[in-house]
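Report on the following structure.
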Amino acid sequence: MDYFSKMSDAEYNQFIEDIIQKKSLTDDDIRSMLSATDKAGLQRMFDAAVSVKNHYFGNDVYLYSFVYFSTYCKNQCTFCYYNAKNKIDRYRITPEELRTMCEELKNEGVHMIDLTMGEDPHFHNKPENLLEFVRIAKEVTGLPVMVSPGVVDNDFIQALSKEGANFFALYQETYQEELYEKLRAGQSFEERFQARLNAKAAGICIEDGILTGFSKMKLSNGEPVSPSVSDDIESAVASIRGMQKADPDQVRVMTFEPQPGTPLAGTTQASDLMELKVISVLRFVFPDRLIPASLDVAGIPGMVDRLNAGANVVTSIISADSKLEGVVNFDRDVSLNERKRDAKSVIEKLNEMGLARGSQENFEAYLNRNKSS
């Protein structure tokens with residue numbers, strides 16, 4: 001029987017209490033949870049994760065706007081639409097354009113501005129350009145700012161800290177180094193990990209993230225990236241343990257979605273069930289941390305599933321009239337007025353679910369608490 005299916009009600013309630021008390025899971029516990037197929041057992045797992053989330057955060061959900069301000073990138077990640085070799089239209093917004101966007105964003109109800117870019121040399125090699133963007137976002141909106149600049153050196157991170165950046169997002173994707181080399185070709189595993197440690201040491205909150213769906217991945221030559229579902233589970237176990245090492249303030253998981261023009265474009269799309277199971281496990285392993293439900297993979301319906309699996313943050317919120325991109329862009333071909341990725345649409349759905357937009361005060365208290373811990 002599946003992990004949760006075999007529990008009595010008393011054992012199930014004790015499990016939730018143990019997790020709230022931060023009892024650790026074994027690797028075998030995690031494997032068993034991720035192997036679950038029984039619908040009733042899965043529902044019990046999702047419900048347990050929500051119970052743990054409710055203990056720490058109640059019905060509060062936090063919202064992040066998404067400003068993908070440059071789609072230029074020097075890297076050749078095999079999974080990413082924006083890798084340097086993909087022949088696509090790209091853009092880089094100006095400081096004036098960012099200021100205008102921030103004027104619109106400041107009253108939309110989001111808790112934080114997420115400034116994301118590819119590893120664009122215009123910003124990567126000239127820190128002052130990114131620092132100006134952080135300064136504009138903070139001055140215009142008065143909100144915390146997350147930066148997702150890719151791997152940058154410690155001097156750059158110290159400058160971001162001095163400029164007031166609140167969050168540093170950098171995803172390892174996987175903690176299996178052989179798999180990492182297939183996904184982030186030519187990039188140092190250790191440098192990526194160290195950049196998050198440097199940001200944490202500089203007093204910036206950090207986010208780590210992983211991908212699922214490896215069991216379906218195939219390179220353009222037909223070579224499987226990961227040959228079986230069991231390998232997908234082992235990758236998730238290794239990555240969850242790897243994320244624990246840096247004690248991140250926010251942890252995420254996303255399902256790999258094949259992107260046109262990339263070496264993995266011919267891959268079969270995996271279902272998001274593994275992602276939902278990993279979200280619940282992340283809630284058990286990181287019970288008091290922020291866990292996102294991204295709008296970038298499956299929009300509002302996907303957000304609902306992820307919140308019901310234990311997430312408590314909604315990311316990749318894009319204004320209704322925005323022409324900016326997301327990273328995965330499941331809705332790349334959908335007209336702007338049909339996207340439903342704006343804060344108003346999110347808040348309406350949260351209210352329908354019996355959830356609520358959390359207060360700005362509580363969100364910033366969370367950031368400051370973890371910053372000083």
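Glycine too: its Cβ is placed from the backbone N, Cα and C atoms.
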Co-listed (3R)-3-methyl-D-ornithine-binding residue [TrEMBL; alongside Ser148, Arg252, Ser294, Thr315, Ser316] among Asp60, Asp89, Asp114:
Asp114
Local backbone state of Ser148 ((3R)-3-methyl-D-ornithine binding site), from DSSP in three classes:
strand
Between Phe79 (S-adenosyl-L-methionine binding site) and Ser148 ((3R)-3-methyl-D-ornithine binding site), the C-alpha gap once rounded to whole angstrom:
17
Between Cys73 ([4Fe-4S] cluster binding site) and Ser316 ((3R)-3-methyl-D-ornithine binding site), how many Å separate their Cα atoms?
19
For the binding-site residues Arg184, Arg192, which one has the sparsest Cβ surroundings, going by other Cβ atoms within 10 Å?
Arg192
Does Cys77 ([4Fe-4S] cluster binding site) have same-chain partners at least 6 apart in sequence with Cβ under 8 Å from its own Cβ, and which are they?
Asn83, Leu183, Arg184, Ala185, Gln187
To see if you understand the setup: which same-chain residues, six or more apart in sequence, place their Cβ under 8 Å from that of Ser148 ((3R)-3-methyl-D-ornithine binding site)?
Asp114, Leu115, Thr116, Met117, Phe168, Ala169, Leu170
